[in-house]
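Contents: one structure, followed by commentary.
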Amino acid sequence: MSTSAPINRRLTKKIYVGDVAIGGDAPISVQSMTNTDTCDVAATVAQIERCVEAGADLMRVSTPTMDTVKAFGEIRKLVSVPLIADVHFDHKIALAVAAAGADCLRINPGNIGSDAKVREVVACAKHYNIPIRIGVNAGSLEKDIQRKYKEPNGAAMLESAMRHIDILERLNFDQYKVSVKASNVFLTMDAYRLISAQIDNPLHLGVTEAGVYRTGSVKSAIALGGLLLDGIGDTIRISLAAEPEEEIKIGFDILKSLNIRSNGVNFIACPSCSRQEFDVIRVMTALESRLEDIREPMNLSVIGCKVNGPGEAKEADIGIVGAAPKSLVYRMGEKSHLIDTDNLVDEIEGMVRAHAEELAKKRENEIIRVR
């Protein structure tokens, strides 16, 4: 059960990265980027698999050398998730990694080289039927744009993006998505609002170099949350100085909080006070860890006393109202039964897993009926 204000999402052109649709009516996808040595195939594959387990729809892999291109080809064979190759400066790497199986190329047409080299890359992308992401960052704008605007701002980032877009459009290539990232929340939001008014291709949202886990998550939630509420954005990446699977989790937490896309358990819990009938923080910390693998969407409310407990529990799929020695369980808004307060973690985990199985079976039956 949930309530939400409608979000009027901006209608964009739909493109495909592998089998994942980006833009149009497709769900907003969540992606991350590996931080291993790409040449360490085993470590990179293991990291990608951890991200996929966390829910990643797409993964980006850096390919700065021809050795990494060779490794990319091996990685491509070992994972099922679509892979985006991150390429800078050397157009030959872009050509080689496309041939090695890249599902998308992340480039800046402005730093790949001459028009002839850009034409080669675009022809290659057309040949392999893969899209290109134009990635503009506030920290690496072209020198003439820096001189013109003196400092990074939304207009400067828009001009850089439109310059790169014009290169692709002149080559009759429209299978692209765009990002205009900055490490500053306000600059990021301004740039995306400006570009969204100019183009109808998909937008990849992110705050670049957002920082360490806590502060980076906050910056990303503010910037991306505000843009998503405005209906802007088709795929997101949370850039953190942390393990990439944590980026995936935060990305889905943002989408869940906006009722845009649910993936796993949405935890609702009180901050706890002297009224609590059990250790709320201990219970919730344990549950968050134990239930990380759940993918079926549901709301779980755990409140430590009867002041706000019943109201929150009625709005959740599973709700707990704390009391001693027994706590009251609500199921789908209705009172259900009592459970031992001393054994809350095990009891709640069991109920959540059972509900997840019910939801999975229901979803499978709906798929069968459609077929």
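These residue numbers are counts, starting from 1, taken along the chain as shown.
The backbone N, Cα and C atoms fix where each Cβ goes, and this holds for glycine too.
These features come from Swiss-Prot:
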BINDING   C270, C273, C305, E312  [4Fe-4S] cluster binding site
Inside 10 Å of the Cβ of C273 ([4Fe-4S] cluster binding site), count up the other Cβ atoms and send me the figure. 10
Within 10 angstroms of the C-beta of C305 ([4Fe-4S] cluster binding site), the count of other C-beta atoms across all shown chains comes to 19
Starting from the Cβ centroid of C270, C273, C305, E312, which together make up the recorded [4Fe-4S] cluster site, report each further residue of the same chain whose Cβ lies within 8 Å of that point, ordered by sequence. P271, S272, R275, Q276, V280, I303, G304, V307, N308, G309, G322
Other CB atoms, at most 10 A from the CB of E312 ([4Fe-4S] cluster binding site): 19
Three-state secondary structure, E312 ([4Fe-4S] cluster binding site) (per DSSP): helix
